[in-house]
């Protein structure tokens, strides 16, 4: 099967040496270092390993799983082993998603260079593969898995095993008939093109053929006019359909004569439907398409909570890898929890827990290196400063020396601003969000201060009433920084209000060290994002400025949305807000970010190390606009006079009816690859996330024993009150009557990026990785609800 990509795969001396194989040390920790024989397979797309050369090998990874290859010094683990192995002999393979990195140490610098250069060449090839090349690679991977004795050909017994691996339940007699038809050499085995023909016989699409014949006058081709009719009637392409039809024929018609005659064959039609142009996600939303010149507070900002953690909140590992992965997936606001460290060097970790420590300077170096690899729009450092004056000065030194010109240290024009700058204004800049020493003119009147104290006390009491068990040190109410008494008057009243209020039966925290005084040099680095305590919306309007930002626990934010959602919307129209998960989420679980986006909260911080529905929503929202990490909020969330209440939305919103016909599925993966004989019973669930009245879900019935090409043909109908805020999540599950249905794949996207018509939805894994070629085929139709229907 290696022939499928022959002539297209890059070939050089590095790859030839990799195909011969190399003994290298696989390193997991200081105590776990094992010699393994790694070899690039003949297909050029997979790497297998064995305990020794010639030993029984098993798959290690596919090139398509590799995100990048890093040199020795970029690995924390390899740096720690520098005395044992020369750094130049090591390298790190970084995978997409949440899969752990693979650290390897070669026997020589030359061998390490061979593998690094070869892998980088192959990763570049895979990144630029077209649709056909991706399918060829997928087929090659399956052939490798099915060819149990690795002789380059497949017997009927191996084909039967492969069918079960591919989720195909097929009558043995019919399968043998297809096998014999494909075996044109009559050798009793399938190889090369024969296997491809066998696969094609399995993947006939009668539902697409029926659709094709509906618009084709002769059932053989679509003329230009017939294709234009299809694009206008079904795909809702409007006036651009004529020009688009010519583009699509030129792009997807495999026959050169067909291109010249401006006709589309069945193969070309299917190619279009399976392509990005036939995807449910509108291709016009992929590039940067939104206005990026509005103030920062007008955007949703992709934000991370406890970015340094790659595990749970109590004993998990802290690593610069958390920052690298967050930034590379488009995150624009990262959290840095800084504490006094040994030898005068600040450290980053989750305070008062058993999580591991990392040097602050390593975190800053990683941020400086990766901040703008995915997006060149501004990165916000949300500093949680717990350091002494002396180590705060070290923080300032590392930030300024390592980040250099990337760090924003003064207002853009040198003048007092009247509103927050835009993402466009701040391209390539890193901003510090944190405490700032008060200026003389910012001091509050005693009456206002007393009112703030009372409101803060009420807020805290309400939070204790609703969550008496929430005693986590992550609570914002327990980590305030006292300002320098030499530069501003004491804040005794505020400190009293900010301390935990004791109640009968509640344990108090152990006594902590006196809180640190804020270093003026660190305060000076906070230019536009001064962190302030929230007391009430009235207090914020009367005493705060547009460049001040407040943080809210999820509990507090939910309470505010319920009690005064319209005021929260108005607040977020002129000031930035950050929402963070409850301290009770010690397992690094996530909340539903949608309810906070509904109120216009910009920085809804997520535990990005934890996959699941909540991260699917986050990835879905920020999939648009080039994945730059900034998404413009709807206009009614940018209006400081807005009357919109996320809990009770009313007109002038134009409600929409959404009609989804779930037609079929293609090449759905197994839930558990270890169960070769198990075949999934798939169903499709469509979930809507938006304002409370819009949040709902419906699902199809399940198809028994068919994950390869299930057919549903069922219609689901929804009524959406505020489509501007709606996210759609398509989930495929494996039905199980005895227990919870198992997850197979999902895809999430904003309503505003959804295309109508016949569309394929290309499924993603729990980690957000492509499950190509797994997809579901649907028909989407939206209709505006008439005033009569609404009344």
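Glycine is no exception: its Cβ is also placed from the backbone N, Cα and C atoms.
Residues or ranges marked as Ca(2+) 2 binding site in Swiss-Prot: 183, 185, 187, 189, 194. Taken from Swiss-Prot, the feature substrate binding site covers 433, 435, 551, 578, and the record attributes it to similarity to another entry. Marked as domain 'EF-hand 1' by Swiss-Prot on the basis of sequence analysis: 134-169. The region 'Substrate binding' annotation in Swiss-Prot covers 26-53 and is backed by similarity to another entry.
Shown here: features listed in Swiss-Prot, placed on the structure.
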residue: 183; record: Ca(2+) 2 binding site; Cβ contacts under 8 Å, 6 or more apart: 189, 190, 194
residue: 185; record: Ca(2+) 2 binding site; Cβ contacts under 8 Å, 6 or more apart: 191, 194
residue: 187; record: Ca(2+) 2 binding site; Cβ contacts under 8 Å, 6 or more apart: 153
residue: 433; record: substrate binding site; Cβ contacts under 8 Å, 6 or more apart: 333, 380, 381, 382, 383, 526, 529, 531, 549, 578
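Largest Cα-Cα distance over the residues recorded as binding substrate, namely 433, 435, 551, 578, equals 14 Å. Within the model, the region 'Substrate binding' (26-53) shows a mean pLDDT value of 90, rounded to a whole number. DSSP gives residue 551 (substrate binding site) a strand state.
Neighbour counts were taken at the CB atom with a 10 A radius for the binding-site residues 435, 578; the maximum falls on 578.
Remote same-chain residues near the region 'Substrate binding' (26-53) are listed as 1-2, 4-5, 9, 15, 18-20, 59-64, 77-78, 80-81, 90, 102-105, 115, 118, 122, 126, 137, 140-141, 144 (criterion: CB distance under 8 Å, separation of at least six residues from the stretch ends). Residues 433, 435, 551, 578 make up the record's substrate site, and a Cβ search at 8 Å around their centroid adds 382, 383, 434, 529, 531, 549, 550 from the same chain. Other Cβ atoms within 10 Å of the Cβ of residue 194 (Ca(2+) 2 binding site) number 19 in total over all chains. Residue 189 (Ca(2+) 2 binding site) has a Cβ environment of 19 other Cβ atoms inside 10 Å. The DSSP secondary structure for residue 435 (substrate binding site) is coil. Apart from 183, 185, 187, 189, 194, the Ca(2+) 2 site neighbourhood in this chain, defined by C-beta within 8 angstroms of the site C-beta centre, holds 153, 182, 184, 186, 188, 190, 191. Across the region 'Substrate binding' (26-53), DSSP helix (H, G, I), strand (E, B) and coil residues number 0 helix, 15 strand, 13 coil. Taking DSSP states H, G and I as helix and E and B as strand, the domain 'EF-hand 1' (134-169) has 23 helix, 1 strand, 12 coil.
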